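Student: Just dropping this structure here.
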Amino acid sequence: MGTLHHLINGEMVADNGRSADVFNPSTGEAIHKVPLADGKTLQKAIDAARAAFPAWRNTPPAKRAQVLYRFKQLLEQNEARISKLISEEHGKTLEDAAGELKRGIENVEYACAAPEILKGEYSRNVGPNIDAWSDFQPIGVVAGITPFNFPAMVPLWMYPLAIACGNTFILKPSERDPSSTLLIAELFHEAGLPKGVLNVVHGDKEAVDGLLQAPEVKAISFVGSTPIAEYIYAEGTKRGKRVQALGGAKNHAVLMPDADLDNAVSALMGAAYGSCGERCMAISVAVCVGDQVADALIAKLVPQIKALKIGAGTSCGLDMGPLVTAAAQAKVTGYIDSGVAQGAELVVDGRGYQVAGHENGFFLGGSLFDRVTPEMTIYKEEIFGPVLCVVRVNSLEEAMQLINDHEYGNGTCIFTRDGEAARLFCDEIEVGMVGVNVPLPVPVAYHSFGGWKRSLFGDLHAYGPDGVRFYTRRKAITQRWPQRASHEASQFAFPSL
């Protein structure tokens, strides 16, 4: 069983201190050890990033874009290799892993437009012989802390754009599935990224706290659970750091009586059970307007849930792999137990699911609850597993109130043929991302990603235009070149045109 390394100042750095096991969730076996950085190791990465910043910030944006474009090409050329690593350590299917990587590459493509997105604004003759302009300048050393569920995509939300903007970066990926993240960072260096511009440090809370406490780190981007997002936001902002912290979710799909039910069912199957439900944009609640809609939905869902193809993620032709860890498997099982105990109707039970030849894997089958109510734990909390809850309401207004009353506000969607209902829903619903006849309203790379309420801590969303704003500071410059042979008297009144 090999041990992974940190990537600091362009070099692989061994660490003989604390470590954690990385598991193959399909077999339950430990396959690697990942080092957990102490303060000394983290400081090496901070020092490397700090030393690299002056030269990188002064590198022309077009030169930065050339490195990013070569990086994009290398990612595409290594898709199969990266996808296999994701699947081995996370458990998601190879097809799902490849899709994750493709969405990440879209963010690299957006970052390749650095010469355009960093142009700033210019105004000539704002006053007599006075010109003014504003531009985007990098912050300095910035950091990202990323979750296990998208080991390729979420880091690619962060550091390509941060680096394109002229910053240097320290990435603390999830210790559960770090190999693909490390390989991708190596490919960035292969593309010509200078040493120290991107550093990868593995770790746990000690490393997180070190980044929060380091005065050299000017901004932190985080994706993960709400309690940790809240902690990172509070600890970072009280030290004067810029922080964007994306937290948990409880995403609802509203099904209207006029919905195309066959298309809605197909959408819900992928959104609820894809990646074993381990997505912050997973649909975990289906809100049916009317009993007739709910009954018809369940009748169509049940056979499809029971027919899900489940197995080792690296096998071909699957719908779903295992959960990421034994702890995750136990937690989701506990939620199913809770739903039964609190009176929800368990229509399909995924507990105890086993895959032949992989009896020690962290598998669950798809589960479906009906007649779930808002006071139940399975409705209130993020399950992060292959569990779909059906809630019955009598009107669109009741469905909207249900969603607006929930503490999370990440994403939601509505299935309807009624344009008036869809427009009302988009206007009045209190979440950050809305889909109309689209199950996973994940924006493309040139729009920003993020929720409302307790799904986001901070003022700016991830990637896209908000990403540029997060990783830069605006500087306004006013210059005057007096005409020759002229002298202007002192002006004591407030200057005006």
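Using the three backbone atoms N, Cα and C, a Cβ is placed for every residue, glycine included.
Straight out of Swiss-Prot:
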{"type": "ACT_SITE", "residues": "Cys280", "note": "active site, nucleophile"}
{"type": "BINDING", "residues": "Phe148, Lys172, Glu175, Arg176, Ser225, Glu382", "note": "NAD(+) binding site"}
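Please go over these features one by one and say how buried each is and what sits next to it.
Tutor: For Cys280 (active site, nucleophile), the same-chain residues lying six or more positions away in sequence with a CB closer than 8 A to its CB are Asn149, Val223, Leu246, Gly248, Ala249, Asn410.
If you draw a 10 Å sphere around the CB of Lys172 (NAD(+) binding site), it holds 27 other CB atoms from the protein chains shown.
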Student: Ten-angstrom check, please: count other Cβ atoms within 10 Å of the Cβ of Phe148 (NAD(+) binding site), all chains counted.
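Tutor: There are 20 such Cβ atoms around Phe148 (NAD(+) binding site).
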Student: When you measure from the Cβ of Glu175 (NAD(+) binding site), how many other Cβ atoms are you left with inside 10 Å?
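Tutor: Within a 10 Å radius of the Cβ of Glu175 (NAD(+) binding site) lie 19 other Cβ atoms.
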